[in-house]
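S.K.: First the structure, then my questions, so here it is.
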Amino acid sequence: MASEPKKNVRKNIYKPSSVPQSSATPHAEETERPVRLKVPKMSFDNNKLKDPRLQTSIGLSLIFLSVYTCLALLSFVFTGKADQSIIENVGGITNLISSGKEVQNWLGLLGASLSHLLVYNMFGLGSILLIPMLFSAGYELFTQGNGKLMKFRKLGYICLFYMLWISVLLGYYVVIKDTPNLLGFLCGKIGLTVADGMYSLIGWGTIIFLILAVLIHGVYIVKFNAVSKVIGKVTKNRYSDKSEVNTTSETENTTLSENESDDELEEDEDLENYSEEETSIETSSLTNENVIEEEITEEPNEIEEEAAQDTGLVPHNAQLPSVVEPEAPIVTESVPQQAIKVDPISVDVNIQVEHVQVGGNGTNQIPPTQNYSKQQSRDTTSEMPPVKEEKKESPTPNPSSQQKKVTPNTPPIIEIEAEPTKSETIKLDPPAPPKKKEKVENPHELSDVSTTENVDKADLNVLKKIEEEPDEIVNIEDMDEYDPKLDLSHYKYPDLDLLHPPVESKAKVTKEELEANKEKIVNTLRHFKIGIASISATIGPTVTLYEIVPEVGIKISKIRNLEDDIALSLAALGIRIIAPIPGRGTIGIEVPNNNREMVSMSSVLATEKFAKAKMDLPVAFGRTISNEVFVADLAKMPHLLMAGATGQGKSVGINVLLSSLLYRKHPSELKFVMIDPKKVELSLFNKIERHFLASLPDAEEAIITDTKKAIHILNSLCTEMDMRYSLLKSAGVRNIKEYNTKFCNRRLNPKKGHRFLPYIVLVIDELADLMMTAGKEIEGPIARLAQLARAIGIHLVVATQRPSVDVITGMIKANFPARLSFRVTSKIDSRTILDAGGADQLIGMGDMLLSTGNDLTRIQCAFIDTDEVEKLCDFIADQTGFSAAYMLPEFEEEQPASKGGGGGSVDDRDDLFEEAARLLVRHQQGSTSLIQRKLSLGYNRAGRIIDQLEAAGIVGPFEGSKARQVNVKTEMELEVVLNTL
C-alpha cells in the first residue's frame, strides 16, 4: 500500500548494506540523489587513518586522557601547593624517580607534572576547559568511528576561546594586584603574559576589550546557528517539493543477517549525526518496499524472540509515537501460524507485547513489555508457538476489529492470514512508562512460574519466585589497605615558609686563622718532643677539627695529656682532644672558631637528607663538625636522655626535636605526652591538642604540670603498654611496625579489639623536680617504660638540668642508651650523663655531644625561635583535627584501705594506735616526731602508725616539711571514730 509523500524527509543519504545475491529480488532498486552544502570538514583524510579500529582506539585514548587530566587537576586543588617545589626542582632520572615517591598528587609525579604544566605554565584555571574538548573528540571517534569530528569542532572553538579569555581576565586581575608569585596559578604564564602586555598598551581598557570580545563571540555563535537553521529550512522545503518520495517497498521473502542489519544501523546513526551538526541537505528517493515478517513456530519449554529490523527510510528527527488503541479493540483469530505484514510508514512504531501466556501441557509466561522501536524494525524472521492472550473486558469491545490505529500519522495495516484451527489474541496497548529493571539471574527460564489469570499478579509472582542471593560475606583480605591518614585526609604538612629563612653567615673561618692555629698546635707538640707527620683541618659551624698524624713511636696517651697545654697555647676555651678518631687512624683536636655560625632550623629541614630519610621518627638535630646535617631515628635510639646547665640550649633542643617530628609525621601516626613541671616551656604546644597530644580522659589540659597528675599519666602509659603487648601477642608479631603493617593489610579484625597504633613520645622537660617531689613513684613507671616500651612504639625523651646520681639513677640510666648533653658545669656531671668527659668542655649556645653507645658526636644544635614554634603550632591548629586528644587508658588509683581496717584489720594495727591517736588529737599536730618523743618509739614504727592513722582518716596526707593536718578536733569525736573502726 502506497502512502502519501512525507513532509519530514530524511536529510542524509541512506546506504543500506549489500544483500546477498541469493536473497535479492528483481524489484529491489535504490536511487540516491545527494544535495549537500559545501562546509569545511574535520576528518582524517589519510587512508591509513580511516581504519575504524584505529579511530576507536584513538577515541578511547582521548577519553582516558580527559579523565586522567580531570583527576590530576582535581587533585591539584588540594595538593598543588605542596607539590610545587618538588615539581620545579626535578632534574635527572634519579631525581625523577625519587621525587615520584614524595608528591601528594593522587596520580603521582606524572599527574603532578601535568597539572603543574597546565595551571602554572599555560592557562591557569582555564585549563579545565581542555577536559570537555578531549572528551568530545574521543567520544565521537569511539562511538561513530567515521573520523568526522563535527561536534568537537563546534565545542572546540568555544572552549579554546573561553579558555584564553578566562586566562587573560584572571591575568589582568593578577597584574593590577601585583601578586604574580602568590596568585600566578589563577591565570598561568600565558594569561599573565598576554594580560601584562595588554595592560601596558591600553591600561584599564583591557577589561573593556575583554567584555567586547565575549559579546562579539556570543553574537557570532548565535547568528551562525540562526542562519544555519534558516538555510536548512529553505533548502529542505525546496528539495522536498521537487523530489517524489515513495515509502512503499516490494515484499522481500528473505531475511537480512544480523551482522548486516547492525552495520546498517551504525552507518545510519553516523549519517544522522553528520546531518545535525553541518546542516547539509540530503534527500533520497527509494522505490523499494518495506516488509516486516514475523513467523511463529513452537519450540519445547523455551521462547525465542527476534525483533524485526526495518530497512525502509526513517525520518531523522522523528519522535517515537505511542501505539494507541481506542476503545481497547481486541483481535481474535484462529491461527496455527501467522505472518504479520506491516506496510512501511514514516514514523516509528513501538509495539509492546505484554504478558503473553503460552498454552499447552504447561503454562509459560513471556517477560513483560517487549518493545520494538526503529532500531529493531528490520526484516527479520522469528518463530514462536501459537499464543493466546487473555481477554480483558473493555467498555466498548470490538471483537471483529482487525486493524490497529497508529497515531499521529498514517496507520499501519496488519494483515492476518490464519486457518480456523486454533485461536490467538494479540492486544496492542499504549507504551507503559519505564519501569525499574529488576535483577533476574536468568529471565528466559520461566518454567517455575505458576499459572495465573491476572497478568499483573503473574508478573509479580515471577519476581517473587526468583531465588534470593545469600548475603555476601565480606572478606577482609580482599578489601583495600587501611590508611590511617584518611581520618584527616585534608591535613596539610607544615611548610618551611613558617620558619625564618636561612641567612648566610658572614662569620666564616679565614685561611689565616686556620694556618695560625696549625702553627700553634705543631709548635706546642714539637715543644714536648712530639713529631707530626701531617695535619689537616675540617671547618664546622662552631668548631674546627684538626686531624693530626703523629710520627711513628709516639704514644697517644702522651698527646691526650697535653690538652690543657694546647688550650693555653691557642688561648681558646673548650679544647677537646679525640684520641684516636674511630675509623680514621688520626688524632683529632677540636678548636672553637673565633666567630661561630648559627644553624637555622629551616636550613636543616630543607636538606634532602632529612626530607628523604626513611626513618620511623626522624629527628634533625643540627650540623656536625664536618658541616653535615645530623639526622637520627628516635625509634631506634629508642629513648633519649638530655642534660645541660641552665641557658645552654636544652629547651631549644626539645623544640627542635618536636618540630622535626611535626614536619614529617601525620597526626594519626604520632602522639605526644608532655610533662612540664615548669609550666611554661611546652605551653606553646597546647594548641595542637586535638592533633598530636594524648591525655587522660578526665584531664583539664593535655600538657601535665602537676606532679600527682604526672604520676597518673605515667601509670596510664604503663597500662597502655600492657594493652599493646596483648594486641601484639594476639596478632603474632613482635613490634609495632609489623603490627601496623598487618593491620593496614586488613589481616587483623577490628571487631576483635585490633586498632592502628600510633607512636607515642613521652617528653619530660624537668626530671629533677619530679624526682624531688615524688621520688620512687616517678622512677618506677619511667624505668618500666624505658625497659619494655620500645617494641610497642612508646619512646621517652627525658631532660634535666642537674644530671646528678640522685636524679639520673642507675635504674633510669641503664635503659637510656642514647644520651645527649649540652654544656655542664663539671666533669662529674659529664661522666654521669655520658659516661665520659667532654661535656664540660663545650662552649654552650647549642653546642652538644650525642652518645649513641660507644660513639660521641659533636653537634651544633639547630636554632628555632619561639615565634617560629608558635607559627608552626598555629598552622596545625587551624586545620581540622580530631574531636579530642588521644585518650589513654584511665588510671585506676589504688584506693586506701577501708576505715574499718584502719590500714588493715584490727590485728594489723599497732598496739599503740589508739594512744597515738589520742596524743595527736590532744596536741592537734600530726607529726611523726611527736609520736617518737612521747611514746619512745623508733622512726619506722612511728611512721607505720602515722600511715594507719591516715588510712583511718584521723590525720591528713603528707604535706612535705609541714606537719599533717589532724581531721578530728576533740577526743570525744575521736572516741566515736575509734568505736566505728
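The count begins at 1 with the first shown residue.
Backbone N, Cα and C define each Cβ position, glycine as well.
What you are looking at is a predicted structure, and each value in this text was computed from that prediction instead of being measured.
When I checked TrEMBL for this same protein, it listed these features:
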type	residues	note
BINDING	GLY644, ALA645, THR646, GLY647, GLN648, GLY649, LYS650, SER651	ATP binding site
COMPBIAS	245-258	compositional bias 'Low complexity'
COMPBIAS	259-280	compositional bias 'Acidic residues'
COMPBIAS	281-290	compositional bias 'Low complexity'
COMPBIAS	363-375	compositional bias 'Polar residues'
COMPBIAS	376-394	compositional bias 'Basic and acidic residues'
COMPBIAS	399-408	compositional bias 'Polar residues'
COMPBIAS	438-447	compositional bias 'Basic and acidic residues'
TRANSMEM	58-78	transmembrane segment
TRANSMEM	117-135	transmembrane segment
TRANSMEM	155-176	transmembrane segment
TRANSMEM	201-222	transmembrane segment
S.K.: Count, for each of 58-78, 155-176, 201-222, the Cβ pairs lying under 8 Å from the transmembrane segment (117-135), and report the range with the highest count.
M.R.: 155-176
S.K.: Can you tell which of THR646, GLN648, SER651 has the most other C-beta atoms within 10 Å, given these are the binding-site residues?
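M.R.: That would be GLN648, with the most Cβ atoms nearby.
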S.K.: Under an 8 Å Cβ to Cβ limit, what residues of the same chain, 6 or more beyond the ends of the transmembrane segment (201-222), are close to it?
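M.R.: Residues 158, 161, 165, 168-169, 172, 195.
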S.K.: Below 8 Å Cβ to Cβ and six or more residues apart, same chain only. Which residues does that give for LYS650 (ATP binding site)?
M.R.: MET642, ALA643, GLY644, ALA799, GLN801, PHE822
S.K.: Highest CB neighbour count within 10 A among the binding-site residues GLY644, GLY649?
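M.R.: Answer by Cβ density within 10 Å: GLY644.
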S.K.: Using an 8 Å cut-off from the Cβ centroid of GLY644, ALA645, THR646, GLY647, GLN648, GLY649, LYS650, SER651, can you name the remaining same-chain residues around the ATP site, in sequence order?
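M.R.: Other same-chain residues with Cβ inside the cutoff are GLN801, PHE822, ARG823, GLY844.
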S.K.: Quick one, of the binding-site residues ALA645, GLY647, which Cβ has the fewest other Cβ within 10 Å?
M.R.: GLY647
